[in-house]
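The feature region 'Disordered' is assigned by TrEMBL to 36-61. Residues or ranges marked as transmembrane segment in TrEMBL: 118-144, 222-242, 248-269, 281-300, 348-369, 404-426. Among the features that TrEMBL reports, domain 'Phosphatidic acid phosphatase type 2/haloperoxidase' is placed at 155-266.
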Amino acid sequence: MATDFVKTFVQMCNYLQDPRHVARFQKVCGVKGTFPVKPSEPDRGEPEPDCPGLRKRAPDSSVVNGAAGDAMVNGMQGDITAGPDAPSVDPDTARAKPLRKNSLTGDVGQEFLIHNKFLFYLFTFGTELGNEMFFIVFFPFLFWNIDALVSRRLIVVWAWNLFVGQSTKDMIRWSRPASPPVVKVEVFYNSEYSMPSTHAMTGTAIPFCLFMLTYGRWQYSFLFGFSVALSWSVLVCVSRVYMGMHSILEVITGFLYSLLILAFFQPILGKIDSFYMTDHFAPLVIIVSHVSLGLVAFSLDSWSTSRGDTAQALGTGVGAAIGTHVNYQLGLLLDPPLSSLPLTLPPISFSLVLLALLRFVIGVAVILVTRMVMKAVTIPSLCRLFGLPTDDVRRARQHMKVELPYRYIVYSVVGFSCVSVVPLFFKILSLA
């Protein structure tokens, strides 16, 4: 009985991993590749015969949506019907290229056709909801304008999700869905491993953690909060299939994996937050634990952008946690008392919106200047320290001994600035 269950489970996983399902979904959503008329036999994404269950990272040459004769900028290209020999197509059809080039190779990808522009923009927005850049904007806005307690606890979950997800990818080492048949609407992470989907993990953990932290603390209905969290998560997860970056199995695994991590962290998030604030040894524990996690993540496989993003998240977590400790010790951390719960949003007014935008613009300006200065100082210093040339920053950052301390130093300072320095600016400018 158990053997039959395992066999059925494996068959189901193999079925959900098939890249042809991704291609069919893309076709339904109006995405069409410009593949050659007679393509060579595609890589079906099966494990290599001599290494069951293990697939090597795909070279960038696998990104073959088809031969694209014209040199063009990324993004939507408009009407494709120009030219005397062009086929007759729907005038709403647009030619497009991936919005960002491959993070490892610099390849811009191949063109594809978009028959449904609404879904293209919807899923592009959805995939951005799982990108690190979104969270770099989202967490500060939440911290400065809405609820600092919720923001700093979300950062803990975000950092751990990225670490666990990326480390799992580097241990399983599955390549991205094969193209063809899949159309690569995105190629930024195409040369990196794909199981599980870390977009699906962060795109699930953050909205559901936000819901769990704010329900009962803020006044809103359960149905509203759950619906927003579920919609956010589903949009991010489905967008990864649309982009051709993940199979259905990888997205489902990422979704369930993040729920498992949330179930682990939910009972102890309050204790972690209290430890960060009150314990005298907290700064030492924070630094040692996060640096150790980064060393583990960097030792599992060769350098990649997503691994750098993991170190960036861990560095941000270090800075935010130490900033929380400093604020508490100096009496600058003013969480609302329990007696004031549940909190309610104040009436939306012009002055309130203006104040929020002013805080955000000033805060982001401080963070960007901090990042620029720290980056300009850190990378050349590390290159000189380790005897590496300073004229090629991209190549220098592919060394763990440069990239790991760079990410940690720069983004721990950025995280500290966000939590401790920027609120101090607000007090000086009477914006608190």
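Even glycines carry a Cβ here, placed using N, Cα and C.
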Proximity verdict for the transmembrane segment (348-369) and the transmembrane segment (118-144), three or more C-beta pairs under 8 Å: yes
Long-range environment of the transmembrane segment (118-144) - Cβ separation under 8 angstroms, sequence gap at least 6: 29-31, 76, 96, 99, 150-152, 154-155, 158, 185-186, 198-200, 202-203, 206, 232, 235-236, 238-240, 242-243, 245, 309, 312-313, 316, 356, 359-360, 363-364, 367, 418-419, 422-423, 426
Counts of helix, strand and coil residues, the domain 'Phosphatidic acid phosphatase type 2/haloperoxidase' (155-266), according to DSSP: 74 helix, 2 strand, 36 coil
